[in-house]
Structure formats: structure tokens, C-alpha cells
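Q: Let me give you the structure first, and then I'll get to my questions.
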């Protein structure tokens, strides 16, 4: 008796497990996986433009890790390129679709279909291999070049379960042929572009005769899925491990743990391929190998291609179940956005009547959008900054009013200036009261200073209206650049026409305030109150005069001399001391006496003020400030009204009429409605995208009731959904990675799929 026979007698094979739901009914994959496959075909038409990520399984591994053998074993046929160097040079999207068997009223035929060869069934799987090679060479040449452009292949067979796999190029270290020096980095980048998506499951393939801790597949999968929530490990080539070793600890996750666990398989060797040993024969040999190895007893759910197919199917189904609600929402949102974009490009017509209708519609919508922005009723109202009419209000209240309030009515006048003005107003006499003339003269000068900020306010509003006009229908008018240019010219001229009467009215308002100084205004302080306030201010601020020293009785000659000089000096004053005008003083000579009747060329008021003069200055200041405040408030109210009437509201009322008068002319229709070529391209692209999204949305509506109910909850025995960071009822899911019971189903396809691969290794 051999050692193996003795071992088998000591450890008899475990009988097959009793029939379960998995063997009686197919997974939900019989309904949802074909739907996802159909969606993949639909979105493949968009190519790289598609932003919708669909659930799929990506197969990753190093070069010669056995990826191709695993895929062929899942299909049960030889159809992939083979060789010693890199074989997979473009991503191959492989959709396995289960058909009815002959026993179920169907056919045992198996065939493949390429997306780039529609309606062409290929029954010869050798021809499928040649087509993959030819399509690869067509794009990247025959000298080992690599591309990220997909090849899409469907395999129809009664001997497969519904699974979608993406076979990615193997990770290679050394460039060969036409490969660039950074080939490893490029392939890793390509692989990561697939597996980084949360919707993608990762099938990490590692040969058993390599160090699992240093596996390229597990390493790159760990980068994209650090928690291992989406990664399934596959240990290949178990039959070529060193004698006396086995992969039991690897499969149990004791070396590198994975939440979804591992499956061990036996590949066909190169000799088997050269001798045309079929995949079915290889599967039988695989089963025999596991039954003959005591180390693998009790691991039936982790061994063999049939178990890998079943596990992949069930995990993918649960994965899809969790993603379906979000997928439908994203497709719906994309559909709405694309429809809106397509609508913005509109349709073009060559008839004069049609062009006139399009132009009139644009002009009317533009005027409506302009008014809506001004009135704060725009649908595209910003929440991050002020826009439209709110900016106009801000200019009036926060910029214009503030600029007027910052003007000090006495800023340009010193006390000496005011005193000089008062003295000049009295003429040759001393004034008994403060004269009106200096107050009116000074207040007019200050009122005139309000003109510049008022005109500046009008120009600010003009600029804002120009900005508003540019924001109206920006996207819609992109398709007609000539029309946009003409409309900008018309509204620019129209706004300038409205600015002119606004500025003229502002000038008139300032002139009216200067022409009539209304000292009877009820808010004006008046003379009596001004005098009282001025006297109070002067008394509280004036410094007391020092006490004069008594005259010294001695030095009579000095006193007499001083008195004589005073008499001479007093005769030289032509101006009145009461008015404070003082010429040059000093010793008066005979020549000076002769020249005394001639006044100096420039006379200035003396620097010191009398108490009476201080009171007069304070009175004038109070009058100036009081009246200026009245005028300022009038200007703050009148100028915005003038701008709103002549500029803002006028353009809002008359803009449509101006557009009709200037632009709605039959001889201008064709010129203004010319489209750039890029708009026609965008319209075509969005129309195609819209059609594809509509197809996808209708496809999701084909989901059976069982799938719809699963979307809102259910039992996930794989533990996948709770690891996807999606809002699913994850508390209902088991964390076991070794138990994969299928969801019950009632369809005939479900019963067929459930019976598929039921000859798993029950030992």
C-alpha cells in the first residue's frame, strides 16, 4: 500500500455536503450581473469620457503568475494569447454569460463576441485568441508594446457563471522589445486606475512557489484597498511547490490575512498546453490533486476553479447589490446634467422664419435674465458673493454714502481763512453782526465738492450694469459668438446713452443746491442757536488772560519817548485796527511818512484772535456743518434716484425694444446665428452621451423585483458590502470570509446556475 493510500485510509474523504440553497437556486447574479454587463457595453461607447464606474472584478498579478490560466479555467476553454514574455498587453474586459444548456431546452454551443466586431459570433476559440492578438497588435504593434485601451469580449456558454472580469497586463520589471524604460511604473499606474475605484473587486493572483509576503499582486492591491475589503486572493501553481511543503497556512490567511480569503488552484503547465490538454482534463486533474493531498482536507470551500467561480459570482453579486442604489442615482444625475447641457446648445434651422424665432427667443430670454439679475430673482443666485442688484445697493449705501460722510465741510478752511472771509465781507465798516456772505460763499464751495463722488457713483453703477449684461446667458450665447458681440455692442451703447442724462441730472442737483441756500430749512441750526453754541464753545476753550504788570514810575523819558513813537505809528495805519489789518511796523522815518498813504501789496490778518473773532469763526463753522449735513442728506437721496431712473430702470424697461430695433433684422439673421464648429461637435457629443445615459437608465429599470428589493436591504453572507464605505445596512452582514451561501431565486436561470459547478471538491 502506498503512502498516499495509507493516508487516505486513515483520513477518508469527507462526503459531499448536503444540498443547500446554493445548489438549488442561482445567486442573484442571474439577474443583476447581466444588467451590469449590459451597462458596461453601453458605457463602453463613451470610452474614457464616461464618469460612471461600474462594478467589476480586476485580475492583477505579476508576469507569468498564472492569470491567463485562471481565466481560461473559469471559461473552460483555451482562448488567451500564450508565450514566455508578456502576453496581456491591453486590458481585456471579459464578460462570462451563462446560456441555457441543451438539457434545459437550450444549446450546448459556446461562442465569443467582440464589441469591436458586433453581431459576429466566433465559435472557434482559437480564432478568438487570434483576434485578441490581432487587435492588440493593431494598436500597439507586435514588439511587446502596452496600451490602456480596452478589448471587450463576451463568452456565451452553459458552463460558466455570470461574472465580469478585467484581465490587466502583468507587472513586469525589465522592459523588452518596444517597451519604455519605465514600463513597470506605467503598468502599475494602469492597474491602479482600475482597482482604486471602490466599485472594483480585486482578484490578486500569486504563484504558490513565490513569497506571499512579497507578492506584487497583494502589494499593489494593498495600495488601492489597504483594509482588504475588496481583495480576493488566488494562490496558483500549488502542484509545483517544493516537496514536503503545502499552502494550507496561506489559504487559511495565517501568512497574509485577507478579509475575503483565498482560493487555491492548480494551473495547466506549459507541457499540458503544448500537448493540447483540454481545460476540462486539467480540472479533473486539479480535483484529483486536491483529493490526494491530506494537507488540503477540510478546505473544500477554498480549493479549485469551480469554487473560485462560485465565490467570485457570489461576492460580485453582493457587491453589485450594495452599489445599485448609488449607481442609479449617479446615472440619473448625469442624465439630467447632460440633458441640460444639450439643451443649452439648442437646435439650428436654416429657414428665415426659424432663424427669426430663435433670435427673438434669445433676445427675450436675455432681457428676462437681465431683469432677474437686477431684481434678485435669478435662478442662478450666488451664495458666496453679492451679485446683480445687490451690488448696486451696496454701491449706493456703502460706497457712495460713506464717501459723502467722509467729507468735512471745514476741511479746506482754517480759522484764519474764515476770519479773512468775514472781514472781507464787511467792507470798509466794522460788522455789528456776522455777515451772511462769507457763510454762503464757503458753503457753496463745500457743496461743489459733492459733485465728483456723485458722478463717480454713476460710473460705478454703469460698470456694474455692464458686468451684469455679460453674465446673462453666458452658456447659451457661446453658440452664437457674432450675436453675442452684437448684443454687447448694443447694450454698451444703450447704457452709455443712459449714463449721460444721469450725469447731467446729478450736475443739475448740485447746481440747485448751490443756487439757493435755504437757511429757513427746519433742520438748519439758525443764527440764535449758533451764537449760543459758539459763545459756550469759546468760553470753555479760551485760556484766561494773564494779569498786567503795574507801570514803573521811574524812567519818565522812556515813557515819553514811547508815547511819541506811538503817535507817529498810529498815523501810518490806513486800515482799521478793528478789522485786524496790520502793515509793517517799526521806526517811521521821514520817507516812511511820505509813503504812508500807499497800502502794502499784501495784507494778512494778524495771527492772534480776539474773543469776538473766535465767536464769529465758531458761528460760521456751526452754520457750515449744519447746512452741509442738510445738503449731504439731500444728495444721498437724490443721486441714487437719478441714477435708478435715468440709467438702471430705463435700460431694464427699454432694453428689449432697443434689441428689436437694432438686431431683429432679416438681413442679419444668418450672420448673427453662425455657430463655431466646436459647438456643433459638442452638440453631437452631448446628444450621443444623452442617448447612452437614457439607455443605461432604461436598463436599470429592467431589474427584476428581487433585485429591487435587495437594493434596500438583504443578507450579505460575503461581508463585502460593509467594507465598501457605502450607506448599506452593514449590520445585517456576516463577517465570515469562508461562507458564501447564495440568495434564493425563482428563475430557471437561477436553478441552472445553482447546479453549475456543484461537483466542487467535497473532501
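Including glycine, each Cβ sits where the backbone N, Cα and C put it.
Those TrEMBL annotations? Automatic predictions, nothing curated.
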Q: Looking at the candidate ranges 1-26, 27-52, report the one that TrEMBL labels region 'Disordered'.
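A: That would be 1-26, the stretch labelled region 'Disordered' in TrEMBL.
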Q: To which of the residue ranges 538-570, 571-603, 604-636 does TrEMBL assign the term region 'Disordered'?
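A: It is 538-570 that TrEMBL annotates as region 'Disordered'.
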Q: Determine how many residues of the domain 'GED' (617-708) DSSP places in helix, in strand and in coil.
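A: The domain 'GED' (617-708) comes out at 82 helix, 0 strand, 10 coil.
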